[in-house]
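According to Swiss-Prot:
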type	residues	note
COMPBIAS	129-154	compositional bias 'Basic and acidic residues'
REGION	172-427	region '2 X approximate repeats'
REPEAT	172-301	repeat '1'
CARBOHYD	Asn376	N-linked glycosylation site
CARBOHYD	Asn466	N-linked glycosylation site
CARBOHYD	Asn538	N-linked glycosylation site
COMPBIAS	543-552	compositional bias 'Gly residues'
MOD_RES	Ser559	phosphoserine
Amino acid sequence: MGTIRSSALILACLALASAASEGAFKVSDQREMKPEHLFQHLHEVGYAAPPSPPQTRRLQVHHSETSPHDPPLFEEQKEVQPPSSPEDIPVYEEEWLTFLNPNVGKVDPALPQEAIPLQKEQPPPRIPIEQKEIDPPVQHQEEIVQSRQKEEKPPTLTGQHPPEPRTWNPARHCQQGRRGIWGHRLDGFPPGRPSPDNLKQICLPERQHVVYGPWNLPQTGYSHLSRQGEALNLLETGYSRCCRCRSDTNRLDCVKLVWEDAMTQFCEAEFSVKTRPHLCCKQRGEERFSCFQKEAPRPDYLLRPCPIHQTGISSGTQLPFPPGLPTPDNVKNICLLRRFRSVPRNLPATDAIQRQLQALTRLETEFQRCCRQGHNHTCTWKAWEDTLDGYCDRELAIKTHPHSCCHYPPSPARDECFAHLAPYPNYDRDLLTVDLSRVTPNLMDHLCGNGRVLSKHKQIPGLIQNMTVRCCELPYPEQACCGEEEKLAFIEDLCGPRRNSWKDPALCCTLSPGDKQANCFNTNYLRNVALVAGDTGNATGLGQQGPTGGTNVGPAPGSKEE
C-alpha cells in the first residue's frame with residue numbers, strides 16, 4: 001500500500017508540473033505577441049494614441065500669423081477619422097478599449113493579472129512616419145498654414161465659430177500708430193512716387209496723415225520704424241509747401257523733388273546704423289527710386305483715414321444739462337475752464353429750460369467758491385449734489401412732468417442717473433484740440449471763429465493771431481494756403497530775429513531752414529493745440545494774458561521767464 005500511495009503522489013506531481021508549464025508557455029506567447037499585434041492594428045486604423053494635446057490644439061486653431069516661438073509645423077499632418085461602420089473592424093475596437101481600460105470587455109477571465117501591467121508599460125506610439133519636421137522661414141510657414149486651412153478645414157474647437165469672410169472695414173485699413181504687433185514697415189511706407197495721376201490726391205486738403213513720434217512708435221527694438229516715420233513726416237511737410245503752388249506743373253515738379261529728397265535722406269539714415277538697410281537703399285540713382293515706387297503699398301494715396309475722436313466746438317441752443325459729476329479727473333477743467341464756459345443765447349422761454357438754466361448758474365457760483373479753495377473736489381461734489389437736489393425740489397413742486405432723474409429720492413441712485421445723462425461729463429463742451437501741423441480749410445474754419453487758445457507754448461497764440469488776421473478775410477479756398485504761408489513765416493521769424501526770446505527744448509532752430517525745421521515744429525509744438533469757443537474777451541485770472549489775447553495756463557516750458 002505504501003508503494004502504491006507514493007507512486008500516485010509522484011504521478012500527480014508530474015501532471016501538475018506539466019499543466020503549469022503549458023500555461024506558462026501560453027502566457028509568454030501572449031506577452032510577446034499582444035503589444036505588437038495591438039500596435040499593428042492601431043497603425044492600420046490611423047490612431048496616434050495618446051496624441052499630444054498642446055501641439056494638436058495649436059495647429060487646429062486658426063491663426064493668421066505665426067510666431068517664431070511656436071513649435072515647428074509638421075508636413076502632411078491631418079486628423080484620420082476611424083471607419084464609420086463598427087462592423088468593419090470589430091476586433092480592433094475591442095482591443096483599443098481593452099488597452100485604454102483593462103476592466104472593460106475582459107474576454108479571458110483566466111488571463112493572469114500580471115499581463116496587464118506589462119501592457120501599460122509599453123510606450124505609446126509615436127508620431128507617424130509621414131510627419132516630417134520642417135523649419136521653414138516665417139513667411140513660408142504662413143503660406144503652409146493658410147493653404148492647409150483652405151484645403152482641409154479642420155473642425156473648430158468647442159464654442160469657436162469659423163472665421164467670417166473679411167469685409168472692408170475703415171478701422172482695419174486706416175493709417176494709425178498702433179501699439180502691440182509691429183512689423184517691418186509702417187502703414188503707407190514707402191510712399192507712392194508722385195505722378196500726374198496721384199498729384200490731385202496728394203494735394204487734397206481733406207487728406208489726413210499721421211505725425212509719427214515717440215507717442216505712437218515703439219522706443220525699443222524698432223529703430224527702423226522711427227526712421228520710416230521721420231521720412232514720412234518730412235515728406236508731408238514738403239507736400240504742404242508744394243501744394244501751395246498755383247500751377248499743376250510747378251506742383252508736380254516740387255513734390256517729385258520732395259519725394260526723392262525724403263527717400264535719399266531715409267537711406268542715409270539707414271546706412272548710419274549697423275543694421276540691415278532697406279532693400280531699395282542698396283541700389284542707387286533711378287534704380288533706387290524705381291524700387292521704392294514698386295514697393296509702395298498705396299501709390300495712389302487713396303487711404304481711408306482713421307476717425308478722429310475729438311470734442312467738437314458746440315453750437316446752437318443746446319443747454320449742457322445735467323452737469324457732469326465732479327471727479328478728481330475733471331475738477332481741473334471745472335476750475336480752469338470755468339470762465340470760458342458760456343450759456344447759449346436765444347434759448348426757448350420755457351419753464352423747464354429756465355429751471356435748468358437757474359440750476360447751472362447757481363452751480364457755477366458754487367464752483368467759483370470751491371475753486372478758490374485750491375480745486376477742492378469734495379466741495380465741488382457737494383455743490384453739485386445740493387444744486388441738483390434743489391432743482392428736483394422745484395421740478396416736483398410743479399404739476400407737470402418732472403425730470404426723469406427726479407423720480408428717485410435724494411440718494412446715490414439719483415446722483416448716478418444725473419451723472420449718466422450728462423452730455424459733457426468732463427466739462428470740455430467748448431474745448432477743441434486741433435492739429436496745426438497741417439493747415440486745412442476745416443482747421444481755418446475753426447480758427448476764424450471767435451475762440452481763445454490754450455497752449456503751454458508761449459508763442460502759439462501769436463502764430464494763430466497772424467493766421468486769422470491775415471487769412472480769414474480771404475475767400476474760403478485760399479484760407480488754407482494763406483495759413484500755411486503764415487505758419488512758415490512765423491517759424492522763420494522765431495528761429496531768426498526772435499531766436500533769443502524763447503527756449504527751444506526740441507532744438508528745432510538748430511536745423512537747416514526749410515522742410516526739416518518746419519517738420520520739427522510740426523512734430524514737437526504744433527500737433528495738439530487747445531481752442532476754447534465763445535466770447536472770452538473778459539476772461540481774466542486763468543493765466544498769463546498774451547499780447548494776442550491768448551491765454552497760457554501756467555508758465556510755458558518753452559518761454560524765458562524774466
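Including glycine, each Cβ sits where the backbone N, Cα and C put it.
What you are looking at is a predicted structure, and each value in this text was computed from that prediction instead of being measured.
In the predicted model, residues of the region '2 X approximate repeats' (172-427) average a pLDDT of 82. DSSP places the residues of the repeat '1' (172-301) in helix, strand and coil in these numbers: 65 helix, 0 strand, 65 coil.
Look at Asn376 (N-linked glycosylation site): DSSP puts it in coil.
Asn466 (N-linked glycosylation site) and Asn376 (N-linked glycosylation site) have their C-alpha atoms 38 Å apart, to the nearest angstrom.
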